[in-house]
């Protein structure tokens, strides 16, 4: 990657001083006009209202990898001991399924596809190579293992025609594209479309915009980078005054604001003095709009 002078650069501003340990999983609710997000190690689900500045919090008492909106109400959360429904008024949890057998593996990032299936990946607590997988949960709650031999299963999005899925295994420093069949949920023909230099950080969470371009959070990079996956061209860089940049999602009533989660895990006292807003939620208007989040259509 070459962040040359010709690339448009913008700076994200702090909108919520949340002090999250590992902020993750941002997703905008289009009718509630709020941002759902999680703190993996803080073990919380958060609902942030940018209009009022209020941030509602539910303690889920265990590590949480991601959250997706559920069509029939509430949300699905991927917790250390399984996938649960969470009531977003009460915080009440209802167990659905637990495909992970090992005690030292946890869920990580995940999203719903346009057919309402829930895709969620895993990682080992010690981040060992090859221990992670990517699951797909169908609307009838059947679970399929779609990829294995991963290390940190992370960002996942789909192109607007639903014929391509983009996916990040963080340790590879790559974004891969797969042919995607919406009807069956099958993926095939993987190829590398973006490569991130280690000196710029590691690819983490990811969003897609109305032009089918990718927005990739760079962990330890203090940035979100915008790529055209068809050409591999870097289009824009958003700087974030928090090095542990983790994930991003388009939100706001017009989906023209990019919300960015960050963390404090692993930062020294010196780092925290230098980047006091670490762990906060940041926002920027990047000049493009996102696409509405897919609702999960799993029947409880």
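Just so it is clear, glycine is given a Cβ too, placed from its N, Cα and C backbone atoms.
TrEMBL does not curate its annotations; it predicts them automatically.
Because the structure is a prediction, the values reported are computed rather than measured.
The divalent metal cation site in TrEMBL is built from 24, 154 plus one of 104, 204, 209, 212, namely 204. Contacts of residue 204 (divalent metal cation binding site) defined by a Cβ separation under 8 A and a same-chain sequence distance of 6+ are given as 109, 154, 155, 168, 170, 216, 217, 218, 219, 245, 246, 247, in order along the sequence. Around residue 106 (substrate binding site), the C-beta neighbours below 8 angstroms that are at least 6 residues distant in the chain are 63, 65, 80, 100, 122, 123, 125. Take the CB of residue 108 (substrate binding site) and look out to 10 A: across all protein chains shown you find 26 other CB atoms. When the Cα atoms are compared, residue 126 (substrate binding site) and residue 24 (divalent metal cation binding site) turn out to be 19 Å apart. The residues near the divalent metal cation site, meaning same-chain residues not in 24, 154, 204 whose C-beta sits within 8 angstroms of the mean position of the site's C-beta atoms, are 108, 109, 152, 155, 168, 170, 205, 217, 219, 246, 247, in sequence order.
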